[in-house]
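These notes concern the structure reproduced below.
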């Protein structure tokens, strides 16, 4: 099938009676709006996640399990945002990919890798809070640094495997009619009949939404349901330990809610499109036009999540905010003070970080 409306990943509505009569002219504004938003996300995400990673790395002695997951979440976001200039150029050029097959595969792979790694990190953070609050005494052996590292290895391995189909099926396609090269999925390696392409598109779309959003989100909701019951019954608002647990719980809950708000529209649009391929949704012009118009903005909203997390940490986490301020003071002292001042500044930073 040759694209007729533009090389978008999930929207090849060509060769059908409805698609040939549909008007997609209003899709054009995304060529100018989306690249600007991508570059804004790139700038904010690069600087913000870089600060998070540096802060977590510098505070090795006082890391919580949540800090380690937050550092890896920032690493996933940072790895992804560095590809956004490529996608900005791609969109600005009317979905023409000038960067070759290798970057098409790698950039697409990183997008999915970030999605899976982010949601799995949030799920592990939520489960860690569940163990710390609901089973605070019996879960001590499960919440060791070794178990946290094992979970992180599993997260990255599983994310890499689930994103692997992109490396296999993503490639560049040249359309002589529009004189554009798209970066799109090509299932010719596994197809024996043209009709099977619909099954592959729908299958990969639904499975990625289920494994990369729906199931982890349901697991997180179960964790927070038990946590909510325990907090309501047993927590004392005057005890410092309970206050610290409440603050950390508030931060992680906020991360989960923001992640869901950013990614849910993308998965709804993508799943609706997959169901239309299976003829479970109406494939009329109005519905197809809505999907085409909504997809780039739903995608952009999902990408916004990669630059929001650092600002959420700074707003909600007093400990993270104090560590960032102390690191800024350390940086200033390198230019304004002799080396003897550096050790005293480090001591002050560690002292302040442990008090919050």
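A Cβ is built for glycine as well, from the same backbone N, Cα and C atoms used for every other residue.
All TrEMBL annotations are machine predictions without curation.
TrEMBL assigns the feature transmembrane segment to residues 248-266, out of the candidate ranges 229-247, 248-266, 267-285. As annotated in TrEMBL, transmembrane segment covers the listed stretch 286-304 rather than the other ranges in 286-304, 305-323, 324-342.
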